[in-house]
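For 12-32, 38-62, 74-93, 99-121, 128-145, 151-173, 224-245, 277-295, the entry in TrEMBL reads transmembrane segment. Feature annotation from TrEMBL assigns domain 'Sugar phosphate transporter' to 21-294.
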Amino acid sequence: MGEGEKFQLGTIGALSLSVVSSVSIVICNKALMSTLHFIFATTLTSWHLLVTFCSLHVALKMRFFEHKPFEQKAVMGFGILNGTSIGLLNLSLGFNSVGFYQMTKLAIIPCTILLEILFLGKKFSRRIQFSLAILLLGVGIATVTDLQLNALGSFLSFLAVITTCVAQIMTNTIQKKYKVSSTQLLYQSCPYQAATLLITGPYLDKVLTDLNVFAFKYTTQVTFVIVLSCLISISVNFSTFLVIGKTSPVTYQVLGHLKTCLVLAFGYIIVRDPFSWRNILGILVAMVGMLLYSYSCILENQQKAAETATQASHSQAREGESDPLINVETGTTVLNKRPPVWNKEKD
């Protein structure tokens, strides 16, 4: 199996793991918050990250992966930024209507594209832009309902979008710049993410819910579902870094909207959540956008591969044409086999 085929299989596996684990944890957390009334989202996320770090530390001791330290400032800044973006997203949901929060999530893709164009010099074809526009339209139809604006909520949403976009772009660039795997980056950044949310989580949840997470009555059932959620979060956090590292932040956001559509569908099928023709139409439009995006990415990857192969063949041809008279190999002079040109006047 070639390197290209292995990369494609690895990418498909990462995408599948991300979808399955994310949908599973959403269903688990929905049961935890709606049925069992444990509504402390930020604190729960900090526990997720703490459990993820502990599991990765055990995996490191068992030599499932190697520790590869790199610039400490970059790790610390990245970890704190990731934790901050999670807290801001939760605050955005708390101070805005559900519809405006969904609009905030939709804004992440165009904002990511703009930042990558301005600061990384990336280019996105019109085909990609068109498919993303259809995707965002579909998700908007399916999820956005009321749009109640307020100054504080809008400001928090703006900060949440910016920090989330920068954190996801850094996830991709750090892995490539320092040549670290998604597991190595997650292991080193997890303590800073967890610490940020462990410190701020109880306070934020107090502001949002007017309840104290430590005064909550932890029954056996609640504890079991929390532990289950933490275990699923290991796959969620790992697959997030894996997908962004193997693809791009934009592709990860597209995948996130696919998860949203799947959660809506599963919610209707399993727990009979309210569902309308608007939801169905939005999901169908979004699926068309996702298929167009996938098709466009495949076409562009094939074109890049063909251009790379053409350039390689041209460079090999030019190397073959160049035939120096004297070659130097391992310190010795090797004469070319070109026949000598005799001067007739010396005959």
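Placement of Cβ uses the backbone N, Cα and C atoms for every residue, glycine included.
Any TrEMBL annotation is an automated prediction that lacks curation.
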Tally Cβ pairs under 8 Å between the transmembrane segment (99-121) and each listed stretch (38-62, 151-173, 224-245, 277-295), then give the stretch with the top tally.
151-173
Stretch-averaged pLDDT - the domain 'Sugar phosphate transporter' (21-294):
89
